[in-house]
There are 2 protein chains.
Amino acid sequence: MAKVHNFSAGPCILPQEVFKEASQSVLDFDNLGLSILEISHRSENFVRVMEEARELVKELLNIPKGYTVLFLQGGASTGFLMAPYNLLTENGTAGYMNTGTWSTKAIKEAKKLGNVDVIVSSEDENFKYIPKDIQIPSGLDYVHYTANNTIYGTQFKKLPQTDNFLVCDMSSDIFSRPVTINAYDIIYAGAQKNIGPAGTTMYIVNEEVFNKSGRDIPSMLDFEVHHKKDSMFNTPSVFAVYVTMLNLRYMKANGGVEAMKKKAQERSEMIYNEIDENPLFEGYANKEDRSSMNATFTLTDESYKEKFDKLWKEANINGIKGHRSVGGYRASMYNALPIESVEALVNVMKKLRS
Amino acid sequence: MAKVHNFSAGPCILPQEVFKEASQSVLDFDNLGLSILEISHRSENFVRVMEEARELVKELLNIPKGYTVLFLQGGASTGFLMAPYNLLTENGTAGYMNTGTWSTKAIKEAKKLGNVDVIVSSEDENFKYIPKDIQIPSGLDYVHYTANNTIYGTQFKKLPQTDNFLVCDMSSDIFSRPVTINAYDIIYAGAQKNIGPAGTTMYIVNEEVFNKSGRDIPSMLDFEVHHKKDSMFNTPSVFAVYVTMLNLRYMKANGGVEAMKKKAQERSEMIYNEIDENPLFEGYANKEDRSSMNATFTLTDESYKEKFDKLWKEANINGIKGHRSVGGYRASMYNALPIESVEALVNVMKKLRS
């Protein structure tokens, strides 16, 4: 089987070791003579998986007491709804920073439940940059932002300063760098980038968030309900949580988030150097706001498109077509992407100009 | 590896052929050199999977025009919320039949959104029976019932007659018998019984349901939003949908729902015959309401418990411990359970009295 360099924006590459163990467990899990797909989520073997996954998250991100870790369903799009349901009071206001497509969607959902103040936005330049020196008013029910913007290739490098509850969608850069957990009150992330396969969503929630909105929250959207049931209020996405646990184990065995950060820097420096040196390419995002996870770039001369597309396809490169909102190319370089894959892409870019 | 007889209530047994193909695809899917866990949900290979799954449901259940089939996340517990969000108007009333734990939970969630009238209930006899000759008033926004009650082992044998919109939670008996689809407006079912692994939920929705409540529905809870995006409004539970597709293929290749119905009758007759003939056991549910999916029974003499538990464990039988609401034992016999597994259980029951 040919080596494919997988730059998919998510679902994305995970370690080969994880695929091998997951594949085996679909046939026989824990030597039970049963597939991981047919065991009860209440069985001791799966309860152990769920517990280990939650404990590994706490360990890897150095999560202090008073926070709960949950593995739920519904993707970050359900997180867009859970944040206001749990924190936005009937007459209160939530502050949102609009830095891209996902922030825009989060704002849309929050507005269905109450008042939203868009504090800052980079929409004026098609989300090429991250707003700086943001003045966040006091007295908001919470403030929400998107840590990394997959589509535009921008990333917050500094923690926003606020005395309000702070909510962050970290779907696309969680576990790629250390996080000051106690600055946040809700962190949420769809699994399908650095966490695991599609089908589960991770939440890290300050227990002070429980009951803050004063609403009669539907059980499935209530953090306290899921916390009290250890993420087993209803049947969890068993296989997705299992593969997540394997991937978290792999991360821990390979140096944790500090090591992931170093690798992300190596990968992203390699590709951004080539983008800047190569006259045929241009980076999309402002340099100081460039994402270490998603590099967005376009051709300076569209007549090279056919040749470039042929070259990267021949090199077994997959998933670098840019999002329609930006055009051009996007190289997503999540934790499991080997440096050799970035080298393969850079070599193709070099070849184009030679 | 020893043959395990898996009577789990869900997640539950699926065909071995499905496990084998799923396991292979975790290593290499469609000969792409990529795992099913690392491909984009927008890739043509996965879009094909989603389409085939939806088409197979339409074919197997003979679904008429005007209905959409969706694969979403969040389990039936999210369905409890989606039904009222989409159908219950601000001043309207929803009618619910209370036939067990899951109906009770569905009622609780609907009440958070509006008025609920519990039309009938079998709570007076700890849900041992299905109410008969139900008179459903006109003018309700919708009527909701649970087709099969996994915990109590009861099942509706007749279609409730109503001129209101009809909503049904078929989580635990879908695909075990033909369904008169056009009598229903929303059918929903968590995958983890007869459909596939945990992690996705199937909805069959009459398009007339769209926008009926007049509410500003959160996008993730809006059937029309998911319909317009062909179940890809957000990243679906890729692997769960893929395995579901494999299982639907298997069901089609093995005679469809008529064949599944015949097998369900064979399995359930075999075990109910033994329950009725064996003086050491007593069925829990009323005979006429017995489920063909979940047989609930208790020992008539508790002093046999230790011996019986030892015997079935020795026979490699798994998952027959009863739910705490009923006690005793529960044999869940979903589509993929071989008749040999029921024989193994019946043999153990016979052995106990010999």
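Just so it is clear, glycine is given a Cβ too, placed from its N, Cα and C backbone atoms.
Curation plays no part in TrEMBL annotations; they are all automatic predictions.
Features reported for this protein in TrEMBL:
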BINDING   B:R42  L-glutamate binding site
BINDING   B:A76, B:S77, B:W102, B:T150, B:D169, B:Q192, B:N234, B:T235  pyridoxal 5'-phosphate binding site
DOMAIN    B:5-345  domain 'Aminotransferase class V'
MOD_RES   B:K193  N6-(pyridoxal phosphate)lysine
- Message: Taking each of B:R42, B:W102, B:D169, B:K193, B:N234 in turn, which of these recorded positions have a Cβ less than 8 Å away from a Cβ in chain A?
- Response: B:N234
- Using Cα coordinates, what distance in whole Å links B:R42 (L-glutamate binding site) and B:T235 (pyridoxal 5'-phosphate binding site)? 9
- Task: Other Cβ atoms within 10 Å is the metric here; tell me which of the recorded positions B:R42, B:K193 scores highest.
- Result: B:K193
- Message: At a 10 A cut-off on CB-CB distances, which of the binding-site residues B:S77, B:T150, B:Q192, B:N234, B:T235 has the highest count?
- Response: B:Q192
- C-beta crowding around B:D169 (pyridoxal 5'-phosphate binding site), within 10 angstroms: 26
- By a simple count, how many Cβ atoms lie within 10 Å of the Cβ of B:W102 (pyridoxal 5'-phosphate binding site), its own Cβ left out? 22
- Item | Distance, B:K193 (N6-(pyridoxal phosphate)lysine) to B:A76 (pyridoxal 5'-phosphate binding site) (CA atoms, angstrom) | 12
- How many Å separate the Cα atoms of B:W102 (pyridoxal 5'-phosphate binding site) and the residue listed as 'N6-(pyridoxal phosphate)lysine'? 15
- Query: Any idea what the model's mean pLDDT is for the domain 'Aminotransferase class V' (B:5-345)?
  - Reply: 97
- If we take the residues B:A76, B:S77, B:W102, B:T150, B:D169, B:Q192, B:N234, B:T235 that the record assigns to pyridoxal 5'-phosphate, their largest CA-CA distance in Å comes out at 31
- Note on the structure: One should report the C-alpha separation between B:D169 (pyridoxal 5'-phosphate binding site) and the residue listed as 'N6-(pyridoxal phosphate)lysine', rounded to whole angstrom, as 13
- Query: Once the DSSP letters are reduced so that anything not helix or strand counts as coil, what is B:T150 (pyridoxal 5'-phosphate binding site)?
  - Reply: coil
- Task: Could you check which of the binding-site residues (B:S77, B:T150, B:N234, B:T235) sits closest to B:K193 (N6-(pyridoxal phosphate)lysine), going Cα to Cα?
- Result: B:T150
